[in-house]
Amino acid sequence: MKISEYTKEMMDENSFIDLAYMALSEKGKEVNLYELIDEFKAIGNYSDEEVETRVVQFYTDLNTDGRFLSTGEYMWGLRDWYSVDDIEEKIAPTVQKFDILDEEDEDSPKIALLGEDEVEDELDLLPSDGDEENVDTEDEEVEDELDEAGLVVEPDEEFEDEEDEFDDEEEEE
């Protein structure tokens, strides 16, 4: 019996993944995922809400069931149709090729090396000596509130010693 001859009851008895296997076996060619779902919706007279509840599981099953193979964007076929070499070609990741730069290219202002912009942006964020723009205003507000309340915060000497060591290490670099 062809899937197009199924009744609503027969559609309800089967999972979408089993129906997809039957549909792909009948067609003998890869099919778009959305076409499959639309076909199931039409045959089973499903509402949009009914389809939505089943589609999530269906898509998960398609990806985990070894009988199916994604052959492109939203295209699915049966793994049995393809040789091992074909499968490797279909699912092999695309490798991007880059030109190798020599020292002259690296000095060119037209070429930005990977990560170069990020480093410059990070350097802009670092406070420099006498740079009042980078003072954290939130810290100033907290200090003002403490002064107004008459609270005295004593510095943690151990913390300051560690901070001094950290500053010394940064200067050495």
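In case you wondered, yes, glycine gets a Cβ from its N, Cα and C as well.
Over in Swiss-Prot, the protein carries these features:
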- 115-173: compositional bias 'Acidic residues' (COMPBIAS)
- 14-81: domain 'HTH HARE-type' (DOMAIN)
- 113-173: region 'Disordered' (REGION)
Predicted model, mean pLDDT over the domain 'HTH HARE-type' (14-81): 89
The domain 'HTH HARE-type' (14-81) - residue tally per DSSP class, helix then strand then coil: 44 helix, 11 strand, 13 coil
